[in-house]
Amino acid sequence: MDYSREALDEQATGDDPMHFFMKWFSEAESAQITEVNAMTLATVDADHRPHARIVLLKGADERGFSFFTNYDSAKGTHIAADPFVALLFFWKELERQVRIDGRIEKLPAAESDEYFYSRPVGSRLGAWASPQSREIPGREVLEQNYERYQKEFGENVPRPPHWGGYLVVPQRIEFWQGRSSRMHDRISFSRNEDGSWKRCRLAP
Ligand SMILES: Cc1cc2nc3c(=O)[nH]c(=O)nc-3n(C[C@H](O)[C@H](O)[C@H](O)COP(=O)(O)O)c2cc1C
Ligand SMILES: Cc1ncc(COP(=O)(O)O)c(C=O)c1O
């Protein structure tokens with residue numbers, strides 16, 4: 001595969017990488033890419049070993065990038081031990097990659113509530129039924145848990161205390177645009193001490 005769709009120059013990215021991320025994100029949405037918000041989340045465990053999995057981006061604003069999960073999951077345990085994480089998007093139809101490194105924190109409970117109560121009842125029950133990342137003897141455990149919580153809560157399924165959002169506060173954001181002959185464009189932003197951003201170009 002030789003990439004040839006378009007170029008990315010420094011000026012085009014502007015001074016604010018969050019702003020530019022939103023632009024690329026809406027272009028990916030307009031390009032009808034399925035699961036455009038699917039991103040790889042990398043964490044490290046207490047022994048410094050890396051782990052990666054897909055999660056869904058549910059918010060991006062001037063603070064950073066948010067997603068929702070089980071705080072008691074493997075990723076939640078890693079994050080509690082080491083708050084440095086990486087996110088990765090690959091939008092192959094646009095020949096684009098976005099790499100994000102940063103520090104992660106829990107979203108305020110009110111924001112987790114707001115998102116949780118927007119989810120379908122079935123997914124809310126799923127959050128109770130699944131002890132995420134734990135070994136279970138068989139699928140029937142999930143089904144039994146699901147039925148049990150369905151009986152207990154009916155249509156009013158509260159947010160489990162172990163389920164909520166995280167916010168990744170970016171320290172570095174890199175925009176990668178594929179170019180011909182592997183001579184890709186890479187524009188990288190690093191956060192300065194005062195919160196402003198330093199922009200540079202990296203060799204591909
Ligand atoms: C397309 C896709 C989207 C997913 N979105 C989420 C998500 O937003 N939150 C989540 O907890 N798991 C999500 N998962 C499941 C995770 O990839 C993973 O299996 C789960 O979170 C357990 O990871 P852990 O054991 O490393 O904590 C998604 C999986 C896929 C394939
Ligand atoms: C286990 C799990 N939790 C959370 C999510 C987040 O997405 P949603 O809130 O749309 O269910 C997903 C998406 O696939 C998921 O698989």
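For all residues, glycine too, the Cβ spot is worked out from N, Cα and C.
If you look up TrEMBL, you'll see Arg53, Ile54, Val55, Leu56, Leu57, Lys58, Phe68, Thr69, Lys75, Gln97, Gln132, Ser133, Trp176, Arg186 marked as FMN binding site. Gln132 (FMN binding site) carries neither a helix nor a strand DSSP state and counts as coil.
In the three-state DSSP assignment, the secondary structure recorded for Ser123 (substrate binding site) is helix. Here Ser123 (substrate binding site) comes close to no residue that lies at least six apart in sequence on the same chain with a C-beta under 8 angstroms from its C-beta. Annotated substrate binding site per TrEMBL: Lys58, Tyr115, Arg119, Ser123, Arg182, Met183, His184, in sequence order.
What TrEMBL records for 27-149 is domain 'Pyridoxamine 5'-phosphate oxidase N-terminal'.
According to TrEMBL, the feature domain 'Pyridoxine 5'-phosphate oxidase dimerisation C-terminal' maps to 163-204. Sequence-distant contacts of the domain 'Pyridoxine 5'-phosphate oxidase dimerisation C-terminal' (163-204), counting only residues of its own chain at least 6 positions beyond either end whose CB sits under 8 Å from a CB of the stretch, comprise 2-10, 13, 15-18, 20-21, 24, 58-59, 63-71, 79, 85, 87, 95-107, 109, 111-112, 115-116, 127.
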To what whole number does the mean pLDDT across the domain 'Pyridoxamine 5'-phosphate oxidase N-terminal' (27-149) round? 98
Listed binding-site residues (Lys58, Lys75, Arg182, His184), ranked by Cβ neighbours within 10 Å, top entry: Lys75
The binding-site residues listed are Arg53, Leu57, Phe68, Gln132, Trp176; by CA-CA distance, the one closest to His184 (substrate binding site) is Trp176
Any same-chain residues 6+ apart from Val55 (FMN binding site) with CB under 8 Å of its CB? Would you list them in sequence order, or say none? Ala38, Met39, Leu41, Phe67, Phe68, Thr69, Lys75
For Arg53 (FMN binding site), the number of neighbouring Cβ atoms whose distance to its own Cβ is within 10 Å equals 13
Around the Cβ of Met183 (substrate binding site), the count of other Cβ atoms that are within 10 Å: 10
